[in-house]
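For reference, the structure discussed in these notes is given below.
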Amino acid sequence: MEGFELFRQGAEGRIFKGVYLGKPAIAKERFVKKYRHPDLDSHLTKERIKSESRSIIRCKSAGIRTPALYLVDFNRRTIFMEYFENSIVVKDFIAQASNEVISKLALKIGAVLGKMHANSIIHGDLTTSNMLLVNKNGQKSYSNLQDLELIFIDFGLSHVESSAEDKGVDLYVLERALISTHSTASEIFDQVLEGYKLENKSGFKEVLAKFKEVQARGRKRTMVG
Amino acid sequence: MVIALGLEGSANKLGIGVIKDGEVLSNCRRTYITPPGEGFLPKETAEHHRKNVISVLRDALNQSGVKPAEIDVICYTKGPGMGAPLASVAVVARTLAQLWDKPLLGVNHCIGHIEMGRLITKATNPTVLYVSGGNTQVIAYSRHKYRIFGETIDIAVGNCLDRFARVLKLPNDPSPGYNIEQMAKKGKKFIELPYCVKGMDVSFSGILTFMEERADKFLKQGYSPEDLCFSLQETLFAMLVETTERALAHCDSREVLIVGGVGCNERLQEMMKQMCEERGAKLFATDERFCIDNGVMIAQAGYEMFKSGTRMKWEECFITQRYRTDEVEVTWRED
Ligand SMILES: Nc1ncnc2c1ncn2[C@@H]1O[C@H](COP(=O)(O)OP(=O)(O)OP(=O)(O)O)[C@@H](O)[C@H]1O
Ligand SMILES: [Mg+2]
């Protein structure tokens, strides 16, 4: 991977930054995890690469913006995709934004997620680390939400499924990620649901019911030391 | 100087310990062990605790060299756990508090594990993997709470191991998990099992059902019981390490602490260590004295609460089977 330099070590792999066919790109390399059995490792890595590329393409045909997919290289366990120069991770954005702005952003998050679910795409790892806000005018400024486009990334754990159960679990994962990370989680999540309803009108009721069911299961689980 | 007495009995371990300003003076434990193929039930477990609590208490006091008059606070497990065993120990704690006229503190069991782990390993702000017979959580501290980033969405990892041990009829002495670990060391052939990770959450019930339904078939096909233990451990632990790594990346943390009974599994520790090394983080773990449920961890968490000014009214000193880690306001940490 000539010309690519290490830029971040995520949970799944290393992210390198460089240029692919003249365009700024990242290479996400799911390197061998020595801690796990080689059979399990190669199986999981293949699955994750397939899931990530499949969902990016499915998003594209549904009109949901994600990083564009450039190249999938199974031998090098690497996916090449579009790099967003001027972007901020939603987790960091929320940490410095006003409640009013956060509420608007949450509505957007819900809307994009609703659209994804309406297209049977389950993200599988919904956290505010896996969402970017990209400046549409090519500037390094993140002060005005109107200039920012919300983009979901990291589809390694995603899958295609139309049932309400998996969508409910997806929402549950998001709710819990919000609670653990952000102090105004419940306000954020309420707005997410509002946005979701707008984009997944027909599915909303059933998904919400499933979400509540999964949530109740979690609360009821007795814990023994 | 603060001296705390801690009493624990939320599951099948009865533990009592004394701690003095971070120094462990005693740590006594007795475990209720059931025959192979059987799990422990609340009623019998509580009976075991009732029968043994006085003699374990006596041992803990004698070994510590502390006289009742010198104790500053009595701490017991308020929850989570099994109702009857919890109550059997809480009654003793309440009695001692009245008899000796001492303040009483109900401690969250999970917080006990975390604070004991921090004390022994000196980890400052670790991402915590809490794995035991009843719990599977990935925890990190922020804004005066131990927040749950990931957890099992069905059964605990220890429960999955214990129930699989019953399928193979492995002995419960010293613990089913320990015996699976020894068997797994001799396993060679890896069988692919369901692998279920959802973000930072995990699910184990599918793997257990898969194993319960197919164990006989695998054995007939020429896989050994050791191979089954090996494959199960490799799969379960890979899921735990993966979700811990995800939380680590999400929180930008550089420390991992493993606590809870499954945490003394050396294969789990080894896998976690490899993951940590690959990303420049450091692993902290303890051995069975402190990993497995014990009384001194309840004393340590109670000590921290007591020193930071927490006092509980008599009416607050009840037990509760459900008591989430993130319900507790962490008053003893400044960060
Ligand atoms: N297309 C992109 N453009 C700009 N930055 C990106 C892009 N993709 C990823 N990043 C950055 O890299 C980080 C990790 O990427 P990603 O989530 O895809 O990988 P990961 O290995 O699953 O990591 P983690 O689980 O830690 O989020 C993101 O949080 C983001 O900061
Ligand atoms: Mg990610």
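Using the three backbone atoms N, Cα and C, a Cβ is placed for every residue, glycine included.
Taking a C-beta cut-off of under 8 Å and a sequence gap of six or more, B:TYR130 (divalent metal cation binding site) has these contacts in its own chain: B:CYS110, B:HIS113, B:ILE114, B:THR136, B:GLN137, B:VAL138, B:ILE139, B:VAL259, B:GLY260, B:GLY263, B:THR325. The divalent metal cation binding site annotation in TrEMBL covers B:HIS109, B:HIS113, B:TYR130, B:ASP293.
TrEMBL lists B:TYR130, B:VAL131, B:SER132, B:GLY133, B:GLY134, B:ASP162, B:GLY177, B:GLU181, B:ASN265 with the feature substrate binding site. Look at B:TYR130 (divalent metal cation binding site): DSSP puts it in a strand.
Averaged across the domain 'Gcp-like' (B:30-299), pLDDT for the predicted model comes to 96. Annotated domain 'Gcp-like' per TrEMBL: B:30-299, in sequence order.
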Subject >> Cβ-based isolation winner (fewest other Cβ atoms within 10 Å) among the binding-site residues B:HIS109, B:HIS113 >> reply: B:HIS109
Subject >> Subset of binding-site residues B:HIS109, B:SER132, B:GLY134, B:GLY177, B:ASN265 within reach of chain A (CB-CB under 8 A) >> reply: B:HIS109, B:SER132, B:GLY134
Subject >> Per-residue Cβ crowding (10 Å cut-off), top of binding-site residues B:SER132, B:ASN265 >> reply: B:SER132
**OP:** Consider the binding-site residues B:SER132, B:GLY134, B:GLY177, B:ASN265 and say which one has the Cα lying nearest the Cα of B:ASP293 (divalent metal cation binding site).
**Re:** B:SER132
Original post:
How big is the gap, in Å, between the Cα of B:GLY134 (substrate binding site) and that of B:HIS109 (divalent metal cation binding site), rounded to a whole number?
Top reply: 11
Subject >> Residues B:TYR130, B:VAL131, B:SER132, B:GLY133, B:GLY134, B:ASP162, B:GLY177, B:GLU181, B:ASN265 [recorded substrate binders]: greatest CA to CA distance in Å >> reply: 18
Subject >> Cβ atoms near B:ASP293 (divalent metal cation binding site) (within 10 Å, other residues, all chains) >> reply: 29
Original post:
For B:HIS109 (divalent metal cation binding site) and B:SER132 (substrate binding site), what Cα-Cα distance in Å is obtained after rounding to a whole number?
Top reply: 11
